Amino acid sequence: MSFDDKVLEIPQTLPMLPVRDIVVFPYMIIPLFVGRDASIRSVEEALAKNRLIFLASQKDITEENPSPDNIYTVGTVAMIMRMRKLSDGRVKILIQGVAKGRVKNFTKTSPSFEVAVEKIEETPVQKTVVENEALIRTAKEHIERIIALGRPLSPDILLVLDDVSDPGRIADLIASNLGIKVQDAQKVLETSDATERLKLVNEILAAELEVMQTQSKNRTGAKDDMSKSQREYFLREQMKAIKNELGEGDSKSEEMDELREKLVNAGMPTHVEAEALKQLGRLERMHPDASEATMVRTYLDWMADLPWSKKSEDHIDLKRSKEILDEDHYELEKAKDRIMEFLAVRKLKPNLKGPILCFGGPPGVGKTSLGKSIARAMGREYFRIALGGVKDEAEIRGHRRTYVGAMPGKIIQALRQAKTSNPVIVLDEIDKLGSDFRGDPSAAMLEVLDPEQNATFRDNYLNVDFDLSNVLFIATANVLENIPPALRDRMEILNIPGYTENDKLLITKKHLIKRQIEANGITEENIKFTDEGIKYLIAGYTREAGLRNLEREVGSVCRKVAKMVVMEETNFVEVNATTVPELLGPPRFQRDDKIADSQVGVVQGLAWTQAGGEVLTIEALKMKGKGHLALTGQLGDVMKESAHAAMSYARAHQEELGIPEDFFEKYDVHVHLPAGAIPKDGPSAGITLTTALVSLMTGTPVRHDIAMTGEVTLQGRVLPVGGIREKCLAALNLGITNIIIPMACQKDLADIPKVFKDKINFILAENLDEVFAVAFDKSAKGQEKKPAAKKDPKKTKSLAA
């Protein structure tokens, strides 16, 4: 059914039906579903009158109850051809567009819309027939190409277009069938000039055609990729079949695929992944039984297992870190403060290239365990590399793959086992690195420990760069002097001092006893350590700066008690000064007692060893002779030179010191240091040797309650020495509370715990005159002569700290 808009009379007012997501054109036949109450009322009103209704599109399709402002004013007058009510309450109508119309005003808005409508007349065609024909042909070509590209349009539209010659009708027909946007369709509907309307439709068709051509290219490319993938798949399947015929089977192919997947997913840098895949290609072409195939396979396994991009996240909590350090280590405040500073900076700036810390100190003081505590405080993986006895550079940098049994170096091995690229690696005993004809491993360590270079560390085995800049390296050493200067320059040295007897007592009570009781299967109900027993154990059975031997002795006591408990000899043992010898036998070390009274030529000096401080008694004896000096006690060259310097000082100051004029013509001098089996060396016995010689030559006794340390010059000046803390604590353990030290060592007193410093009278000396003024016992009987002292002892320099 069709209507000619020239003979159909359109009333002045019509019910209006707002439609969503569609624009209805004249001559367009389309079914509509009506569900809103107001819209159903409009349909019913139209059916009750002349079946004509005005259709206008909503501007906002989401609006359920549109206002007049939300409805386009230009629409289409349509005839309701058929109506059917549905079971869900909606109405289905079939309408045909009759003519364009414009809303003059709304005569009713409730309960349904009613509008006054004026018909929009078609503007006469202004263009020539040729121009219009060109526009029509262009539109038809666009439609044909759009259909060819797969747009779901009815092919009959081309037949309909062939029967229509009016540009306006063609534009409306295309716009109503193309399914364009509502805004574009409304613009076409509102254009009254037929030629301009067709031009607008052609522009829309051109844009749509361009989009569809792009989609077609994308689909074609995707199909090509799929075809290529399918082709590769079929070729691989054929290759498998051929290999099966050759007896190689599927196992190798599956193994290669699995290895390829591991390499691709390992997170390698681009250039490293390219090298790995290149080696994988070589491996695929090799026969499985070839010797080189095993080498390449091992290499690829290493490449796949390394943590190229895997990192553990830092969890730095300074309060918790402090608790961990205090829990794991007693004292060591300087080292702990530096570690806390490092952690604080790392928390503020996570990407900072931090320093390489080196803990230096005697064995057993906790250097290695400090590294483990740092890893625990940061939440990182921990790994220890023992460098003691390493003499081959390849141990650090790896062997080249040309060698049989080649492997990466210790650094790469550590990273593989840690499974992260940012672990804490402790380089233990870095001072024990050696060198021989195979190279110098300390030179290879230069690159590892340099933050500016280790981002491109190249292991000889891998032959590709590996980034070590995220690794936190911590080194430990016993003797810092054994570390090459260039390597030492790359590290920040933190000296870890030995423990005092009081430290050992507290650590034993807090840690060692509990650990050994648990390790040996007994309980606290079976054993009790008294303070006197622990002190006796420390003094008589250990002589070290650390704690290893002490823990062994505590463990030995616990094992003895465990044996007694199992054999039902007793259920409880109190470990005191009496029971320790019964359990462990006689003491292994006898501590020298301090000198009981003042003697001529006998002086108490102070020495430092790796086991801590020692009180060293120096004895001088004269005998008939010609002024010769004999030295015994296994002295080193430096100590011998100190003795000769002391002898020269005595000769040069013979008169003012009160030495008899004929002493050097009548007597030889013999200086001996007891414990002759132990080598001794160093300059710190200088003032002790000089005091002993002058005491012997003048017959003046030396105070028995005083000890001293310091280097001496020929001019009589007292120079600074090291190990002040350990030396002073050793003297205090023997009950010596008066100690002469060089004035320049006053700064070292800060390292002595206050509880010990308060018990010691420190006498600071700048020259030998000040030493003699304090050291010689002027009240001792039998004193024949007194050395002439130019100056009184400087009371202002004597610190009762």
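Yeah, the Cβs are placed from backbone N, Cα and C, and that goes for glycine too.
Positions annotated as domain 'Lon N-terminal' by Swiss-Prot, on the basis of sequence analysis: 14-209.
Secondary structure from DSSP puts Gly366 (ATP binding site) in coil. Residues or ranges marked as ATP binding site in Swiss-Prot (evidence: sequence analysis): Gly361, Pro362, Pro363, Gly364, Val365, Gly366, Lys367, Thr368.
Taken from Swiss-Prot, the feature domain 'Lon proteolytic' covers 597-778.
In three-state terms derived from DSSP, Ser684 (active site) belongs to neither a helical nor a strand segment and is classed as coil. Ser684 (active site) has a Cβ environment of 29 other Cβ atoms inside 10 Å. Per Swiss-Prot, active site is recorded for Ser684 (among others), and the stated evidence type is sequence analysis.
The active site annotation in Swiss-Prot covers Lys727 (among others) and is backed by sequence analysis. A 10 Å cutoff on Cβ-Cβ distances gives Lys727 (active site) a total of 28 other Cβ atoms nearby, all chains included.
The region 'Disordered' annotation in Swiss-Prot covers 780-801.
Look at Swiss-Prot and you will find 780-791 tagged as compositional bias 'Basic and acidic residues'.
Under the heading compositional bias 'Basic residues', Swiss-Prot lists 792-801.
In the structure as shown, the Cβ atom of Val365 (ATP binding site) sits within 10 Å of 27 other Cβ atoms. Gly361 (ATP binding site) and Ser684 (active site) are 20 Å apart (CA-CA, integer value). Across the structure, Gly366 (ATP binding site) and Lys727 (active site) are spaced 21 Å apart at their Cα atoms. Residue pair Val365 (ATP binding site) / Lys727 (active site) shows a Cα separation of 17 Å. Counting only the Cα atoms, the space from Pro362 (ATP binding site) to Lys727 (active site) is about 15 angstrom.
Other C-beta atoms found within 10 angstroms of the C-beta of Pro362 (ATP binding site) number 20, with every protein chain shown included. Same-chain residues at least 6 positions away in sequence with a Cβ under 8 Å from that of Gly364 (ATP binding site) are, in sequence order, Glu544, Ala545, Gly546, Leu547, Arg548, Asn549. Cβ contacts within 10 Å of Lys367 (ATP binding site), excluding its own Cβ and spanning all protein chains shown: 26. Neighbouring residues of the recorded ATP site, listed in sequence order and excluding Gly361, Pro362, Pro363, Gly364, Val365, Gly366, Lys367, Thr368, comprise Phe359, Thr476, Asn478, Ile496, Ala545, Gly546 (Cβ within 8 Å of the Cβ centroid).
Put simply, Lys727 (active site) is 22 Å from Lys367 (ATP binding site) when counted between their Cα atoms.
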